Protein chains: 2
Amino acid sequence: MKTLIFGHKSPDTDTICSALVYADLKTKLGYEVEPVRLGELNGETEYALEYFKQEAPRLVETVADETEQVILVDHNERQQSADDIDKVEVKEVIDHHRIANFETDGPLYYRAEPVGCTATILNKLYKEQNVEVSEEMAGLMVSSIISDSLLFKSPTCTEEDEKAAEELAAKARIDLNEYGLDMLKAGTDISDKSAEELISIDAKAFEMGEANVRIAQVNTVDTAEVLERKSDLEEAMQKEINGNGYNLFVLLITDILDSDSTAIAIGENQAAVEQAFNVKLENNEAVLKDVVSRKKQVVPPLNKVFG
Amino acid sequence: MKTLIFGHKSPDTDTICSALVYADLKTKLGYEVEPVRLGELNGETEYALEYFKQEAPRLVETVADETEQVILVDHNERQQSADDIDKVEVKEVIDHHRIANFETDGPLYYRAEPVGCTATILNKLYKEQNVEVSEEMAGLMVSSIISDSLLFKSPTCTEEDEKAAEELAAKARIDLNEYGLDMLKAGTDISDKSAEELISIDAKAFEMGEANVRIAQVNTVDTAEVLERKSDLEEAMQKEINGNGYNLFVLLITDILDSDSTAIAIGENQAAVEQAFNVKLENNEAVLKDVVSRKKQVVPPLNKVFG
């Protein structure tokens, strides 16, 4: 029986590429695995896959109907994973996030490092296992690093990520800056996206103390263009709150050129955002100066407020 | 400020040696760390430390009064760790157990592998970091592997553990079998131990479903000698149940020559043992054929019953 490898819901470039890349490594090591995905591709990821001529992983909603064993990449929290994750055995996790809402019955291989991107860890695993990285896999890994680090501007980006990206860019035969900006921009075209899509393309749920918090992020090169649709976005967020019982929904609109974010926050625990970032919400909105990383700059301070 | 490195409460040889060894590696890599321990040494660990002329780590009860950052070895579950573990930041975990009751606010370095012993992973980390292993550290690591694997008889023991043990035995200049049996036997002298000590030398608490389960293990070369003190042991176990609200207390008396265990089980959920191992308790007692590993052969079936 094949072991399925997948990243989180609302997949981003690192989640999709890491599933493909780790499946490549495990296959070369003799394992029977298949990369799958839990949601739709975003424009940025489509750009990367097309550039390196790779098929997207197969879309699945549940996993227990086809396997008993899975490998998680780029996530571990239950609510970000397959709906029936509790019905299968997690054999491995390769991740770079905090650990929470995760539990196993038995021992497993768990490899997390506090780096900016799962692909940076995967690049190490190829070396540890003495497996050559192909041009295509190098391309997917460098795309992941560019995406998660916003071309090295995010505070989550470490020296290791930058070194890995340079090494992989050479193997993938791309110019880091040119390819990187083209790929990031490909992810910012919102003209054909509904408000519902915009708040779910890159969205994650977190349990913080007693609160159920949803944090979505949209990258842009034109914040004003996104804010033109604010009332539609708020309506869509409110619908999600009603349907899923979130106590707080935060939408981060992140300018990838300026490296600031504008937050729209609604829900009964709206005030937590003011407290966490020492800002005043006006019409549910506040600018978060120099904030680009959900993981490093948004989740920890919010978690502290709810803690 | 120094980062403290420690293993679980009721420390065994792997927990003590892994704290010492990882502190050696981190120090050589330029970090300020100190190994500490959360409880008394057992006779087996004392034998190993004396043989390789190493000081025991300093004993502490809490950690938050002296540091903000800690590294866990050989455990992750909150109830097995320092009482005030929630007040500090866990920066790293090196472990070989299931993950449960563990949560962080931010990303960390987490390295778990499904091998028999933490030291087997540490031996890899020296290689990955290109740091030479000293004779003494090799001695502590091979002692850990012998202890956790009961000289390679435990089903938790993997090929990797055996290979690492052979490599480390050469570096430590010991004969594996001779040193191993001497060390294991040093841990089985119970003549000077009270019943309270016997049930706490190697004891761990587990949250299983709604139940709070305590599982202690005593190694012996003479099961009858331990069972002579059964009524004292049961009294001590009942006291622990009353004081800590355990729903079940299981004492495994493991014959390290025969590789069988005799279980004594008391508490309101006593019947879970009968269900998990398909045995009948007589006077709270049952033989568990070929069972030597708490982690691999006792926790998972019990967990299933409570699941």
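Placement of Cβ uses the backbone N, Cα and C atoms for every residue, glycine included.
Keep in mind the model is a prediction, meaning the values are calculated, not measured.
TrEMBL lists A:H8, A:D12 as binding Mn(2+) 1, and of A:D74, A:D83, A:D84 the one it places in that same site is A:D74. Listed by TrEMBL as binding Mn(2+) 2 are A:D14, A:D74, A:H96; the candidate from A:D86, A:D148, A:D161, A:D175 that the record includes in that site is A:D148. Those same-chain residues not listed among A:D14, A:D74, A:H96, A:D148 yet with C-beta within 8 angstroms of the centroid of the Mn(2+) 2 site C-beta atoms are A:D12, A:T15, A:S18, A:D95, A:H97, A:G116, A:C117, A:T118, A:A119, A:S144. The highest number of surrounding Cβ atoms within 10 Å, among the binding-site residues A:D14, A:D148, is found at A:D14. Proximity to chain B, taken as a Cβ less than 8 Å from one of its Cβ atoms, holds for A:H96 among the binding-site residues A:H8, A:D14, A:H96, A:D148. Sitting within 8 Å of the Cβ centre of A:H8, A:D12, A:D74, and not among those site residues for Mn(2+) 1, are the Cβ atoms of A:G7, A:S10, A:P11, A:D14, A:T15, A:I16, A:S18, A:V73, A:H75, A:Q80, A:T118. When Cβ atoms from all protein chains are considered, those within 10 Å of A:H8 (Mn(2+) 1 binding site) total 26, not counting its own. Put simply, of the binding-site residues A:H8, A:D12, A:D74, the one whose Cα is nearest the Cα of A:D148 (Mn(2+) 2 binding site) is A:D12.
Only A:D74, of the binding-site residues A:H8, A:D12, A:D74, have a C-alpha within 10 angstroms of the C-alpha of A:H96 (Mn(2+) 2 binding site). Secondary structure at A:H8 (Mn(2+) 1 binding site), as computed by DSSP, is coil.
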